[in-house]
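Colleague: As annotated in Swiss-Prot:
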| type | residues | note |
| --- | --- | --- |
| DISULFID | C98-C179 | disulfide bond |
| CARBOHYD | N3 | N-linked glycosylation site |
| CARBOHYD | N10 | N-linked glycosylation site |
| TOPO_DOM | 1-28 | topological domain 'Extracellular' |
| TOPO_DOM | 52-61 | topological domain 'Cytoplasmic' |
| TOPO_DOM | 84-99 | topological domain 'Extracellular' |
| TOPO_DOM | 122-144 | topological domain 'Cytoplasmic' |
| TOPO_DOM | 169-193 | topological domain 'Extracellular' |
| TOPO_DOM | 216-266 | topological domain 'Cytoplasmic' |
| TOPO_DOM | 289-296 | topological domain 'Extracellular' |
| TOPO_DOM | 320-398 | topological domain 'Cytoplasmic' |
| TRANSMEM | 29-51 | transmembrane segment |
| TRANSMEM | 62-83 | transmembrane segment |
| TRANSMEM | 100-121 | transmembrane segment |
| TRANSMEM | 145-168 | transmembrane segment |
| TRANSMEM | 194-215 | transmembrane segment |
| TRANSMEM | 267-288 | transmembrane segment |
| TRANSMEM | 297-319 | transmembrane segment |
Amino acid sequence: MENETGSELNQTQLQPRAVVALEYQVVTILLVLIICGLGIVGNIMVVLVVMRTKHMRTPTNCYLVSLAVADLMVLVAAGLPNITDSIYGSWVYGYVGCLCITYLQYLGINASSCSITAFTIERYIAICHPIKAQFLCTFSRAKKIIIFVWAFTSIYCMLWFFLLDLNISTYKDAIVVSCGYKISRNYYSPIYLMDFGVFYVVPMILATVLYGFIARILFLNPIPSDPKENSNMWKNDSTHQNKNLNSKTSNRYFNSTVSSRKQVTKMLAVVVILFALLWMPYRTLVVVNSFLSSPFQENWFLLFCRICIYLNSAINPVIYNLMSQKFRAAFRKLCNCKQKPVEKPANYSVALSYSVIKESDRFSTELDDVTVTDTYLSATKVSFDDTCLASEITFNQS
């Protein structure tokens with residue numbers, strides 16, 4: 001990603017080529033192999049978990065799959081070529097590889113930023129505008145938004161096809177080929193600055209504002225309920241005999257909904273914060289170098305910037321596993337490590353099904369499965385207010 005300037009290359013150097021320290025090569029190869037290897041496995045697991053587990057197919061998880069694919073692209077296109085560059089000290093993938101690999105690098109980077117922005121907006125609508133969420137926070141709409149995100153970033157990143165070329169430096173003892181720019185820094189620096197603004201500054205400002213609104217609703221005020229459900233509770237006279245039971249159960253699952261939404265929001269906020277922190281060194285370096293006559297390219301600092309980028313793309317599956325019970329259980333099931341549940345008498349599982357006004361669309365929240373005891377089983381169906389839509393809980397004996 002630290003492409004060199006064409007004006008600085010394609011020239012003959014009389015002095016011998018600078019030798020990269022052996023410890024730098026070893027550290028680079030080991031760190032990149034470990035981080036990228038674990039990140040590739042983790043992100044593939046995220047995609048498989050959501051695709052193979054029906055209850056995991058929620059709008060939020062749909063955006064997380066898009067983020068996982070983008071992170072995979074960054075790890076493969078940016079991380080692995082760094083290993084060959086450390087080993088050979090020269091670009092070995094040719095002209096086509098220069099174009100395609102650089103294109104995939106920026107496509108993954110920009111798509112990950114857009115995916116984070118998309119799920120931030122989705123969380124804001126779902127929590128702060130629950131009525132609108134019935135129509136906006138749906139799985140099919142999430143898929144359409146993701147298609148638009150990838151189409152937009154794919155077209156935008158085609159710009160790099162016209163800026164790149166192979167640059168050759170002839171030294172006294174070697175010929176070094178690098179994937180760099182065919183134009184001077186005066187022309188590509190504005191592109192870097194535009195990239196910095198559109199895919200870093202704007203998403204982070206937007207995320208800060210929206211998560212502020214979300215925190216105010218979740219942690220300072222009760223979650224607003226659906227007015228339709230409130231009116232229906234007064235209209236249904238036949239349910240008055242179970243009013244006390246329904247009230248207790250509704251409160252129980254309302255609290256579960258609030259707790260679950262807080263946990264999911266915390267998890268997504270951690271993803272956004274780490275994205276901002278881990279991308280800051282590289283983004284800052286690019287901006288600073290855009291104003292320097294001679295760019296700062298100290299090897300160890302460049303390695304630090306690259307490792308931060310790879311960590312950002314590799315760490316998200318770890319966050320999901322640590323902060324989401326549903327992801328943790330799904331990961332265990334995918335790895336065939338799930339232990340047999342211990343049978344407990346008089347415990348029942350709760351199957352949550354949510355109906356939306358559009359029957360062809362299914363919308364599900366991130367509420368984790370919970371268990372209830374016989375105290376709450378006298379009523380077959382219990383209604384409670386979900387923050388996004390009307391909901392119904394059906395109890396099935398496990």
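Residue positions begin at 1 at the first shown residue.
Quick reminder: no glycine exception, Cβ is built from N, Cα and C everywhere.
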Colleague: Under 8 Å, at least 3 Cβ pairs, sequence separation 6 or more: does that hold for the transmembrane segment (29-51) versus the transmembrane segment (100-121)?
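Modeller: Between the transmembrane segment (29-51) and the transmembrane segment (100-121), contact is absent.
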Colleague: Taking the Cβ of C98 (disulfide bond) as the centre, count every other Cβ atom within 10 Å, in any protein chain shown.
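Modeller: Result for C98 (disulfide bond): 22 neighbouring Cβ atoms inside 10 Å.
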Colleague: Hey, does the transmembrane segment (194-215) touch the transmembrane segment (62-83), meaning at least 3 C-beta pairs closer than 8 angstroms, sequence gap 6 or more?
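Modeller: As far as Cβ distances go (cut-off 8 Å, pairs 6 or more apart), the transmembrane segment (62-83) and the transmembrane segment (194-215) do not touch.
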Colleague: So how many other Cβ atoms are close to C179 (disulfide bond), meaning within 10 Å of its Cβ?
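Modeller: If we count other Cβ atoms within 10 Å of C179 (disulfide bond), we arrive at 21.
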Colleague: Cβ under 8 Å to the topological domain 'Extracellular' (289-296), counting only same-chain residues 6 or more beyond its ends: which ones?
Modeller: 5, 185, 189, 192-193
